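Enquirer: So TrEMBL says this about it:
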| type | residues | note |
| --- | --- | --- |
| COMPBIAS | 471-485 | compositional bias 'Basic and acidic residues' |
| COMPBIAS | 493-513 | compositional bias 'Basic and acidic residues' |
| DOMAIN | 45-452 | domain 'Major facilitator superfamily (MFS) profile' |
| REGION | 1-23 | region 'Disordered' |
| REGION | 462-513 | region 'Disordered' |
| TRANSMEM | 42-59 | transmembrane segment |
| TRANSMEM | 82-104 | transmembrane segment |
| TRANSMEM | 111-129 | transmembrane segment |
| TRANSMEM | 135-156 | transmembrane segment |
| TRANSMEM | 168-188 | transmembrane segment |
| TRANSMEM | 200-219 | transmembrane segment |
| TRANSMEM | 270-294 | transmembrane segment |
| TRANSMEM | 306-326 | transmembrane segment |
| TRANSMEM | 338-354 | transmembrane segment |
| TRANSMEM | 360-382 | transmembrane segment |
| TRANSMEM | 394-416 | transmembrane segment |
| TRANSMEM | 428-450 | transmembrane segment |
């Protein structure tokens, strides 16, 4: 009897593994949750709010480059000095990831996005009164970047709680906010610059960014159905997860430790993802920052140069949700890491070919392929991390990734501007960005092949260890049950024996008459 039940447990484990593979989900994504994601309903309104907040988060550092020439003439700065404005803003947005994650875990996404929108609006209004680059670095870069960080991380976190099966599509639609806002804000900023100058333009842009507060109001917390035995009356999972789940710590210090979990560096897949993304981020934003200036240097007028960013954003707008649909396909989703690698190589190749563009028609062609490849990468960049880490560990992982990525994103655009200052040409900037990104894509592709090969080799050992633990636990529980049964049978027999050994005459003698 003991030999049958362990084999039954083994068969159950195999059936569970087979069902898992049939759903085309990685073990991390298929991990059991404490609730069932809605995969729709109000979640689509949350995606709309995330579309707005993420749109401002990623588009603002790009479209600010339209003001750079006017600011450069007004304040007398070089190309590399101007590039620091966008770099500091992006670095602050990424570096604030862990802090934003802890605040979201403590207070929920809704108040954090509203706070981020207020910070962004105030930063642009304060920058419009600036008279030095240091003032712009602090207002736009530090304050604005921290506000964008609150918007970005809170939006990504709440999407991961509303969606599971349709998560790639939801992420693609939310991340499409970046190209939509680039497409709209690039010509709008050029128009504002011609009408009101860079100071008046920043003032108006600050008012527009207050719409992030409206987006935050749409992010209604997910309601977690608590079990009566483990939870108090029903709580908001988004606002008070620690009170509803007794397994989680309640203090802010424990939350901070959880969302700065350095044990991720023991995960081989996470390390591969991180290295590839650090290389990509270093070269990703310099082409955006200097695309308009490069077009002007080729004899293109200012409005047409600004429209190149709009073309990039317009193409990107359709590519991101389309990429989300493709990634959600049952044939592509199990191989999403390879899809991500291809998108990176495609993006880097576009930058390597850009210096060949000598006319406006070629620049438009470059902008189209740039938007296509960039949209593919950013539609997958967070989905791939969710795929590796799962919904439960994603907030911790994204906080750690963003704070590490702040260093390459801080140095990338200024390094490109330095090349322009040294050589007086933009082609070396695009060659540098393209080479780094192609190397990142090839690294991810080759190392993911190695990672999946090692996982296949390690899987039998893990299954054997798990089966051994199951057998040991079963043997232990069976021996305890047998011991208990023996004790129950022995106890009445002992009582009968003791009663039989006792002499009734002695009992009568002891009883007083």
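Backbone N, Cα and C define each Cβ position, glycine as well.
Note: TrEMBL annotation is automatic and uncurated.
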Enquirer: In the same chain, which residue numbers or ranges, 6 or more beyond the ends of the transmembrane segment (394-416), come under 8 angstroms Cβ to Cβ?
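Expert: The answer is 80, 83-84, 86-88, 90-98, 100-102, 104-105, 149, 153, 156-157, 160, 258-262, 264, 270, 273-274, 277-279, 281-287, 289-290, 382, 385-386, 388, 429, 432-433.
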Enquirer: What parts of the chain pack near the transmembrane segment (360-382), using Cβ distances under 8 Å and only residues at least 6 beyond its ends?
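Expert: Beyond its ends, the transmembrane segment (360-382) has Cβ neighbours at 58, 156, 171-172, 175-176, 178-179, 277, 280, 284, 287, 291, 295, 298, 300, 304, 308-309, 311-321, 323-324, 327, 336, 339-340, 343-344, 346-347, 349-351, 353-354, 398.
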Enquirer: Short question: which residues 6 or more past the ends of the transmembrane segment (111-129) have a Cβ under 8 Å from it?
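Expert: The answer is 49, 53, 56, 60, 100, 103-104, 135-136, 139-140, 143-144, 146-151, 153-155, 199-200, 202-203, 205-207, 209-217, 219.
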Enquirer: Summarise the model's confidence over the domain 'Major facilitator superfamily (MFS) profile' (45-452) as a mean pLDDT value.
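Expert: 81, rounded to a whole number.
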Enquirer: Below 8 angstroms Cβ to Cβ, which residues of this chain, lying six or more residues outside the transmembrane segment (338-354), approach it?
Expert: 276, 280, 283-284, 287, 323, 326-327, 332, 366, 369-370, 372-374, 376-377, 380-381, 384, 427, 430-431, 433-442, 444-445, 448
Enquirer: List, by number or range, the same-chain residues at least 6 past the transmembrane segment (135-156) whose CB is under 8 A from its CB atoms?
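Expert: Distant contacts of the transmembrane segment (135-156): 49-50, 53-54, 56-58, 60, 64, 71, 84-85, 87-97, 99-101, 103-104, 109, 112-113, 115-120, 122-124, 126-127, 171, 174, 202, 212, 215-216, 219, 382, 395, 398-399, 402.
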